[in-house]
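Report on the following structure.
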Ligand SMILES: O=P(O)(O)OC[C@H]1O[C@H](O)[C@H](O)[C@@H](O)[C@@H]1O
């Protein structure tokens with residue numbers, strides 16, 4: 001499928017990215033701007049012919065048709081027979097039908113209920129059964145029911161003016177222990193967030209939280225401290241959560257795409273309904289851009305095509321997401337689920353084995369922290385890691401403008417350094433006074449940067465709720481386009497099932513209730529070790 005691009009790569013792979021800037025218009029030509037954002041992919045080895053080939057690939061793979069199918073409610077999640085309509089959640093005034101039924105009245109009603117609840121809670125109208133004001137909220141969920149709101153509550157901390165929001169995800173008892181240790185159960189609301197309401201981690205933590213609340217306020221009052229976010233209303237009722245505090249959603253919202261609806265309740269509580277609406281509006285604006293912008297003007301399309309170029313054509317196995325924004329420190333984790341759970345597949349939609357690589361490994365940390373840790377490998381390691389930088393032109397701290405300037409200078413310096421590198425001559429010049437002869441050359445070689453390493457940079461004015469919505473929707477659509485080009489189903493996640501099944505079987509073995517006989521030698525050895533030291 002990538003033959004044309006691979007042959008093209010063979011003809012351009014040895015050239016220097018820096019030399020492409022002999023074209024004075026390169027930066028502008030290889031950038032896209034929309035909605036106040038600038039996406040600059042000029043520091044890559046992409047030229048006009050590369051881009052034409054990539055755009056032709058997107059056409060040939062039917063990205064535009066598939067995109068319309070998604071937005072209009074077709075069941076593009078073909079292995080689960082579901083529509084994919086997280087976009088409907090952020091466009092409450094829109095209109096979409098699934099199986100002949102308009103889904104929007106339900107979306108609008110749930111959003112209004114969430115808003116009424118969040119406003120009441122924030123305003124002190126909704127109190128504990130004992131009449132106390134809720135000071136803290138714990139969202140108990142995992143994966144798509146945790147990463148989105150946890151990332152966004154931190155990202156939008158400057159807008160936080162509601163109860164404090166905390167997140168518990170891990171089944172490791174240390175997580176809920178440490179979070180609850182710092183809180184007062186008498187003034188804490190627990191939101192149990194689980195699309196299926198069967199996820200073992202979440203249900204286990206929810207029971208622990210219920211015991212913690214009940215021990216402080218009594219069994220009868222405990223229920224008044226709980227709300228639920230789920231598409232399984234039977235199970236939320238079984239758990240005993242009053243339906244007035246249950247916010248449901250449909251199966252056409254995938255877990256890792258769900259923060260735009262009820263799963264975003266903790267974010268709405270933290271920043272308020274108006275800012276949550278602004279977040280939705282940002283997502284909707286990006287949807288509109290994605291649906292209407294042509295070819296190279298389309299930012300999600302170009303972000304995806306740069307990804308395809310680096311991963312499938314150039315064979316770079318990973319990509320680093322490097323936000324120069326401390327408040328986006330959970331963004332790489334969020335994107336790991338979004339990208340790797342969506343596009344980490346080995347078969348195409350029709351079940352045939354792929355004969356090319358699926359999605360890349362995605363990883364990252366905020367800058368500048370990463371610079372003092374793993375950037376060494378990015379600059380001098382033998383493997384090329386395409387980097388995706390992002391930074392706001394302005395910070396939220398007017399008194400610390402000089403720090404923001406330093407942050408931005410570092411961000412720009414890294415992409416420049418990756419491209420430019422440092423030659424042996426330059427490195428020799430750096431140490432010429434200190435060494436001589438063979439030792440001079442040896443020392444200089446350690447200081448050479450090959451350079452010619454690709455990166456993209458996304459810049460935006462300020463990380464507002466609307467801008468965060470734009471960024472998240474941008475990445476969602478990037479994943480969508482890459483998935484369509486790869487011919488896979490980006491909306492299922494069968495790859496998480498086997499481990500869950502084996503964990504269920506191993507539970508009684510680890511607890512010493514069943515024998516490990518029949519397990520492989522390594523598993524038996526590990527179980528033996530655990531039994532020796534657990535008690
Ligand atoms: O929201 P839940 O049903 O509890 O699911 C939570 C998470 O666990 C699953 O195993 C999936 O891998 C994720 O896509 C999902 O977001």
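Don't overthink the numbers, they just go from 1 along the chain as shown.
Cβ atoms here come from the backbone N, Cα and C positions, even for glycine.
Record features, source TrEMBL:
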ACT_SITE  341  active site, proton donor
ACT_SITE  372  active site
ACT_SITE  500  active site
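Here the features listed in TrEMBL are painted onto the structure.
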residue: 341; record: active site, proton donor; Cβ contacts under 8 Å, 6 or more apart: 143, 256, 493, 495, 496
residue: 372; record: active site; Cβ contacts under 8 Å, 6 or more apart: none
residue: 500; record: active site; Cβ contacts under 8 Å, 6 or more apart: 200
